[in-house]
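These notes are about the structure you will find just below.
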Amino acid sequence: MRQNVIVTLSVVTAVIVVAAIVFVLYSTRTPPTEERRCYYCSHGNQSKLGDICSPSELGKYHQFAISTDSNVCAPAGKSIMEEGGNAIDSAIAVLLCMGVTIPESLGLGGGSMIVIYHNNTKRSVYINAREAAPAKAYRDMFNSTGIPTNRSSFGVESIAVPGELAGYWRMYNEYGSGIIPWKRLFRDAIKFAKDGFPVGQHLQDAMDQKKDTLLRLNSLRQHYSLFYKNLSKLILEDIQKATAEFPGQVPIIEQSDFDNYDVIEQDAFVHKMHDDITLHTTELPGGGPLLSFIIRVMLKYKELYPAAMKDQEKANLFVHRMIEAFKFAFANRMYLGDDRFDNVTEIMKNIQSEDYINFVHSRINDNQTYSSSSGYYYAEVYQNFDHGTAHVSVLDKHGNAVGVTSTVNLYFGSKVISPSTGLILNDEMDDFNTGAMNEFDMPVSYANTVKGGKRPLSSMSPAIFTDDSGVRLVIGASGGPKILTAVAYNALRHLWLKDGIKSSIDSCRAHDQLFPEEIIIEPCFPSAVLSGLVERHHNITELPKGDRGAIVMGISRSRDGLIEANSDYRKGGTVAGI
C-alpha cells in the first residue's frame, strides 16, 4: 500500500472493526433461523429446473440499484447516489460498511477484484487489488518438512500484503464522481462501528463456528480504540506482537512489502457471446476467463434456450451438460495462476479459442459422466481452492456498473487482528499451492505455487453483461470455488433461459469442481433433475449442514430500462435503489 494511500487515511480515524466484533460477541443474539428450509413456490407455473420462492426482496427501480450480502449496508450506497455520487462512490461506501458488519468475510485487511463498466465510453476495466505474497515468501515455505500444516491458513505466516484499501483509493481517484469527499464514504461504516448494528445470521453463524478461537486469542478478544496513522508500521508492529499467540511461526511480511504494493489496473476480460451480449469480467488471477469458458460451452446447445425451463428432458440435459462444462473448467483451472509469474499463455489461448470450445462440446457425452481421475477431463495436477468472500453489485443512473468481490479468505482470515488499526488480517497465503501431494495423490500444479510478490489464483469473478442498450446484468458471488459455478448458472438462467433475476438467484444449484468426485446439490434440488443426474452416473452429495454454498448478488436491467435487484436469501443481504 503506497504512502499516499496511508496519508489519506488520516480522515477515517473511527472505523472501529474490533469494537464491532466485540459488540456482536456480547450483544443480544437473535434466535437461529430454521435450518434447510425449502421455500417452495405456491404458483403452479414452475420451471422444470426447479423454483424456490424465498422471502428475499425483489427491488424494482428506474434510476439505480445496489445489491449487497450485508444485511444493513445497501442504504449506505443509496445515500451516496442521492448526494450525486456514481456507482464507484456508492460501491466503496457499501464495501466499507460491509467490512464492519460482516467482518468474517471481508475488510481492509484483505483484498478484492473489481470490474467497472463505463457507459459513455463502452469500456470496462479490471482493478486487481488482490493480496500479494511478501517478498520473502518462497515455494516450500509451508511444506519444508514434507508434512502439511495449518500455517498457511492460521497465524502470522498466513498473512499476505493487503490490497483492499489501495483498490478503493484507485477506484475513487480514477473513476469516482469527483462530487463525494473521500471522508464521506466512511460515514456509515463509522456509525455502525460506534453504535452497533443488527447481527445478521451469517455473522452469527460465523461467530458460533469460530467462537473458541476468537475468545482464545487476546488480539481478537480485547476491545481497543483505533486510529489510522502510519498504518503499515502499526500493522507490522502488531503482527510481531501477535507472534506469541502462534508458537513456531515467524512473520515474513515487512515494510517494503507495503511500500512496493500497488493495484494492477488493466482492460477487463471481454468476450462477445451470441445474441449480441458481451461479458466483462476479471482477467487472471481471477476466475473471469473460466466463467467465460463455461458460458461459451453451454451456449453451443442452442436447442436448450429457453426450452430447458419447460421440458423435463431438456432440463435434465441442461444440468448434466453444465456439470460437465464445470468439470472441464476446473480441469483447466489446475494449470492457471498469476500470469505475471506463471507461463499460462498456451492454456489461456486454449480456453479462449473457438476450436477448443468446440472440442470440449464434442467431449461432453449426453448419456454419462466420467471419473475425475480417469484423464477424460485432462486434469493431471491439483490446485488448492479459495474460500469465503463477499460481493456488491451496483448500477447507477448514468448506466455505469461496478462489481466488486472482496475477501479475507477463511472466516476472520488469519485470526490475527491489528489492535492499533482494527484490521482483521487475511490468510490469503492459503490460496497458493503449498507443494504437498493432495488427497488424490495428484502432484500439485506449479502454476499457483508461492513466490514473493505473486497473487494467488482466485475464483472471484464479478461480471457485467451488456448489449447495445447498455448494461443488462451486474452479478457476482461469494463462496470460494462455488462462485464460478453459481455466477455461470445464474447468468445462463437469467439471460438465456429468460428467468427473472430473483427466481434465478433463488433457484437450487448444483456444483462440481472435479475434485473431490461429487456433485454438491442444495437440499431442495428438484427430484426429476436429480434422477437424471443419477442415471448418468454422477456421484451426488448434499450440501453439508451449515454451508450456504455460493451467495449471489444480482442487478438486471431490461432493454426498456426497468432495473431489478436481488440479494441472495442464503445470506440475508439487502438491496436499495430508486
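The count begins at 1 with the first shown residue.
Cβ atoms here come from the backbone N, Cα and C positions, even for glycine.
Cross-referencing ARG37, ARG123, ARG130 against the L-glutamate binding annotation in TrEMBL, which names THR407, VAL408, ASN409, ASP431, SER458, SER459, GLY480, picks out ARG130.
The two recorded residues, ASP431 (L-glutamate binding site) and THR389 (active site, nucleophile), show a Cα separation of 13 Å. Taking the C-alpha positions, the distance from VAL408 (L-glutamate binding site) to THR389 (active site, nucleophile) comes to 7 Å. In sequence order, GLY287, PHE385, ASP386, GLY480, PRO481, LYS482, ILE483, LEU484 are the residues near SER459 (L-glutamate binding site), counting only same-chain partners six or more apart with C-beta under 8 A. Each residue contributes its Cα atom, and for ASN409 (L-glutamate binding site) and THR389 (active site, nucleophile) these two points are 6 Å apart. THR407 (L-glutamate binding site) is surrounded by 30 other CB atoms, counting those within 10 A of its CB over all protein chains shown.
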